[in-house]
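Enquirer: Let me begin by handing over the structure; questions about it come next.
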Amino acid sequence: MHNSLIDTTFCVRTFGCQMNKHDSERVCGMLEALGSEQVGEIEDADIVVFMTCCVREAADVRLLGQVASLKNIPLRAGSHVSKRVIAVGGCIGQRDGEKLTKELPHLDVVFGTHNLASLPRLVQEALEEGGHHVEVLDESLDFPTSLPIDREHEWAAWLPITIGCNNFCTYCIVPYVRGREKSRPLEDIANEARGYVLSGAKEITLLGQNVNSYGRDLYGKPRFADVLDAVSASGVERIRFATSHPKDLTDEVIEKFATLPNLMPALHLPVQSGSDRILRAMNRRYDSAHYRELVQKVRAACPDIALSTDIIVGFPGETEEDFLQTYELVREIGYHQVFTFIYSRREGTPAADMPDDTPREVIQERFDRLVDAVQEGAWQANQADAGSIVPVLVEGASKRDARMLSGRSPKNQTVHFPLPDGESVSAWTGKTVDVHVTEAKTWYLAGEVVR
Ligand code: 5AD
Ligand code: SF4
C-alpha cells in the first residue's frame, strides 16, 4: 500500500490517566513505524493526535479549546501535506464519535478506546481524501499489545493487565467509554515484562481500572497475586500497580508487600468517601470499617508502606456530617498523597440523576478544608524519612532547576538532590542511587547523593 505518512511529522497531546499515557506510547510507536517523525510542538506537526479523558468536565472543556485554537496555526515550512490532520482519540472520541466533527468541523479523524490500531489508516485516509474519518467500535477486538511502542522513558514501562471496568461506581463514566473488563493472559504479561527488563526498564507499573479483579474472565482464573509473582520473577528492580479497588483487595495480594522484594512499598487505595451512606450511593460495595481494616492489614504486612487515595468532595446529597467522616478518615490514616476531586456530573451515569442541591461555595469550602488536612498529613508522613538514606531512581533534571536531579523513592516520594559538579544529567537518568534525605517537605524530599 502507498504510505502517505513518510516524511510527515506528528505530535501527541495526552490528557488523563496512565492508561492514556500508555496508549499514547503505542500511537507514537505506530506512526514512527510508518515513517512519521515525532516533534514536541504542535506548530511543527503535520499530524496532531489528542488522547483524551472525560472523567471530569474540566478535561472536556480543555480539549474543545485546544482543538479550536489549532485552526489558526499555519503548517511548518517544507511540509508536504496539504492540510494539518487533527485526530481525537481516547475516552472523548469513544463517547462522542461523529458528534465531535459537528462541533469541530476542522477535526479530521475521530477514533475510540477500542481501535487504537486503526489510527494510522484513518490518518492516511484523511491525508489522501480529505473529509472526516470517524471510527468508533463498541468493543475491543483484542488486546492492543502487539502494536509497536515508543516508550516515553527507557527506564520505565506501563504494562496494562486489564482493560475496561465492571464496577459501575455511580459517578463514573469509565465503564461506558472503556467497556467491560478484559484480562490479559498471564503468559503475555510475563513475556512483556521480561522484554521490558531486557530493554532497560527499571520500573514496571501494572495498569488496570481495578487490578484486583484481574483474571476472573480467564480460563483457570489466575489472580492478581499470580501476576505479581510472574512480574517479580522478571527481575525488574521496581514494581508498582494502579488502581486497586478496596472491595477486591485480597489478603494474598497484601502479603506480597511483605514477600516480594521488588514490589515497592506504596499502595494507591481509592476510598472516595469516609461516609458509609455516600459509599453506598456511590455503589462502592465496601464500608469505611472494611477500608480501615484493609489499611491495618496492609500496615501489618508492610509497616513502612506509603498509602495514597482518591477522594470526591460534593457527591450529590453529601452533607456536612458525611464530609466530616471523610475528613476524619483522612486525618486518621495519614496518607502520603491524596488526589482530591470536586464531584463532576457526567451525563449518562446514575449519579447524574440524583438530587444535587449543595451550593457550589459549600462544596468549595469543604474541598479547601480537606486539602489543608491532606497537606498536613503528607508533611507529617514524609517526616519519617528525614535523616534517612533512600534509594532513588533518577528520572532526570528537576523541572525548576537544571542543576538539580529528581527521582522517586521506593514509597514514590519525589526526591530532589544536586547534580554533582561536572556531571551530566543523562549519565544519571535511569540509575538508582542512594540519597541522604536532609529535609522532608509536604510534596518532596530534598537531599544529597551518598558517595
Ligand atoms: N467527578 C469527580 N471525580 C471523579 N472521579 C471519577 N469520576 C469522577 C467524577 N464524575 C475520580 C475518582 C477516581 C479518580 C480517577 O477520578 O476519585 O478514583
Ligand atoms: Fe470508575 Fe469505579 Fe471503575 Fe474506577 S472502579 S473506573 S471509579 S467505575
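Placed from the backbone N, Cα and C atoms, the Cβ positions cover glycine too.
These came from TrEMBL, pasted as-is:
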- 8-128: domain 'MTTase N-terminal' (DOMAIN)
- Cys17, Cys53, Cys91: [4Fe-4S] cluster 1 binding site (BINDING)
- 151-381: domain 'Radical SAM core' (DOMAIN)
- Cys165, Cys169, Cys172: [4Fe-4S] cluster 2 binding site (BINDING)
- 383-451: domain 'TRAM' (DOMAIN)
Enquirer: Just checking: which of the binding-site residues Cys53, Cys91, Cys165, Cys169 have a C-beta under 6 Å from ligand 1?
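Expert: Cβ under 6 Å from ligand 1: none.
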Enquirer: Do you know which of the binding-site residues Cys17, Cys53, Cys91, Cys172 end up with C-beta under 6 Å from ligand 2?
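Expert: The binding-site residues passing the 6 Å Cβ test are Cys172.
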Enquirer: Neighbours of the [4Fe-4S] cluster 2 site Cys165, Cys169, Cys172: Cβ within 8 Å of the Cβ centroid, same chain, sequence order.
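Expert: The surrounding set, listed in chain order, is Asn167, Phe168, Tyr171, Ile173, Val174, Pro175, Gln209.
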Enquirer: Mind giving me a neighbour count for Cys53 ([4Fe-4S] cluster 1 binding site)? Other Cβ atoms within 10 Å of its Cβ, every protein chain shown.
Expert: 23
Enquirer: Starting from the Cβ of Cys91 ([4Fe-4S] cluster 1 binding site), draw a 10 Å sphere and report how many other Cβ atoms land inside it.
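Expert: The answer is 26 other Cβ atoms.
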Enquirer: From the binding-site residues Cys165, Cys169, Cys172, pick the residue whose C-alpha lies nearest to the C-alpha of Cys53 ([4Fe-4S] cluster 1 binding site).
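Expert: It is Cys172, whose Cα lies nearest.
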Enquirer: Quick check for the class: what is the C-alpha distance, in angstrom and rounded, between Cys165 ([4Fe-4S] cluster 2 binding site) and Cys91 ([4Fe-4S] cluster 1 binding site)?
Expert: 13
Enquirer: Quick check: which same-chain residues outside Cys17, Cys53, Cys91 lie with their CB within 8 A of the centre of the [4Fe-4S] cluster 1 site CB atoms?
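Expert: Other same-chain residues near the [4Fe-4S] cluster 1 site: Phe15, Gly16, Met19, Asn20, Thr52, Cys54, Val55, Ala59, Gly90, Val174, Val177.
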Enquirer: Residue counts in helix (H, G, I), strand (E, B) and coil for the domain 'MTTase N-terminal' (8-128), per DSSP?
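Expert: Its residues fall into 60 helix, 22 strand, 39 coil.
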Enquirer: Between the Cα atoms of Cys17 ([4Fe-4S] cluster 1 binding site) and Cys169 ([4Fe-4S] cluster 2 binding site), find the distance and write it as a whole number of Å.
Expert: 17
Enquirer: Counting only other Cβ atoms and using a 10 Å cut-off, which of the binding-site residues Cys17, Cys165, Cys169 scores lowest?
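Expert: With the binding-site residues Cys17, Cys165, Cys169, fewest surrounding Cβ atoms within 10 Å: Cys17.
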Enquirer: Within 10 angstroms of the C-beta of Cys172 ([4Fe-4S] cluster 2 binding site), what count of other C-beta atoms is obtained when all protein chains are considered?
Expert: 21
Enquirer: Three-state secondary structure of Cys169 ([4Fe-4S] cluster 2 binding site) from DSSP?
Expert: coil
Enquirer: Round to a whole number and give the Cα-to-Cα distance in Å for the pair Cys169 ([4Fe-4S] cluster 2 binding site) and Cys91 ([4Fe-4S] cluster 1 binding site).
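Expert: It is 17 Å, counting Cα to Cα.
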